[in-house]
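Participant: Dropping the structure in here first, questions after.
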């Protein structure tokens with residue numbers, strides 16, 4: 001399932017067609033800076049010869065940065081690294097193209113140096129951060145993909161999506177690794193947003209989906225796109241809450257972006273030792289007793305994530321212990337487990 005923000009670059013010379021991503025570097029925000037493009041897997045700069053406001057208009061619209069303000073020459077935002085090439089010369093946009101890559105240009109062939117790197121300044125609009133989201137499943141780490149593009153939220157066609165693209169998305173959202181990418185998944189509600197982008201191609205190293213290759217897709221058919229979803233696995237975390245310190249309290253674990261409790265069925269001192277060690281606390285004290293059949297540090301609310309946990313006591317993290325499937329249990333919050341560790 002690939003999420004790839006792609007720019008088809010047509011060379012003015014007889015060089016064929018290539019794909020690129022764009023970014024603005026060295027400015028005060030993401031909507032102003034030195035223009036950089038990625039061609040054939042490498043980043044480089046754009047020569048300021050022929051660079052004008054029509055070219056900047058396309059760039060700003062592509063980045064979702066509002067109207068063009070300035071087409072800048074020279075090194076207003078500093079020269080590009082000497083190790084990076086100058087990739088584009090004499091860019092010629094009509095101003096109506098969807099992406100800078102749809103404009104004509106000429107390969108520089110050593111006719112332009114970094115002291116001629118082009119810059120751009122857009123009217124920075126209020127942009128969501130991050131400019132991607134997963135919707136329709138009740139948590140921020142699973143659902144259908146939407147990307148903020150050209151001033152609005154839109155869906156991405158799922159044709160060709162795979163785990164490499166999902167890896168970039170999950171990392172950008174702070175949701176850990178992808179668990180799966182799916183087509184025809186009835187679990188995920190359908191996005192009502194228009195399809196704005198499609199055929200994403202990520203390498204897996206990008207910091208954001210906006211750095212991946214992609215095609216404009218609005219108005220084109222996309223079979224099954226509304227059955228396409230991504231589920232990420234947020235990094236495992238646990239905490240002890242409602243106690244006198246971080247080393248004592250009701251045990252909660254985070255899964256799929258939500259905190260929930262742990263049932264006390266089959267709970268042992270081995271389990272408690274793993275929890276205390278993972279939290280950086282001292283050894284576990286004898287099992288925290290219930291008060292009048294209620295959890296020692298109060299009942300939780302919401303999800304009960306884990307039940308029937310069985311640790312050997314040597315595990316580095318509680319998630320490595322045997323347990324039922326996430327959210328499968330036969331408990332109520334009256335059975336929420338509490339743990340007491342010695343403070344360090």
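Here the Cβ of each residue, glycine as well, is placed from N, Cα and C on the backbone.
Pulled from TrEMBL, these are the listed features:
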SIGNAL    1-20  signal peptide
DOMAIN    22-123  domain 'SRCR'
DISULFID  93-103  disulfide bond
DOMAIN    132-233  domain 'SRCR'
DISULFID  202-212  disulfide bond
DOMAIN    238-342  domain 'SRCR'
DISULFID  311-321  disulfide bond
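Burial and contacts for the listed features, if you can.
Facilitator: Averaged across the domain 'SRCR' (22-123), the predicted model reaches a pLDDT of 87.
Neighbour count (other Cβ atoms within 10 Å of the Cβ, all protein chains): 21 for residue 103 (disulfide bond).
Applying an 8 A CB threshold to same-chain residues 6+ apart, the list for residue 311 (disulfide bond) reads 268, 270, 271, 273, 274, 318, 321, 322.
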Participant: On the DSSP side of things, how many residues of the domain 'SRCR' (22-123) fall into helix, strand and coil, could you say?
Facilitator: 17 helix, 39 strand, 46 coil
Participant: Taking only the Cα atoms, work out how far residue 103 (disulfide bond) lies from residue 212 (disulfide bond), in Å, as a whole number.
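Facilitator: The Cα atom of residue 103 (disulfide bond) is 19 Å away from the Cα atom of residue 212 (disulfide bond).
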Participant: What is the number of other Cβ atoms found within 10 Å of the Cβ of residue 321 (disulfide bond)?
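Facilitator: 19, counting other Cβ atoms within 10 Å of residue 321 (disulfide bond).
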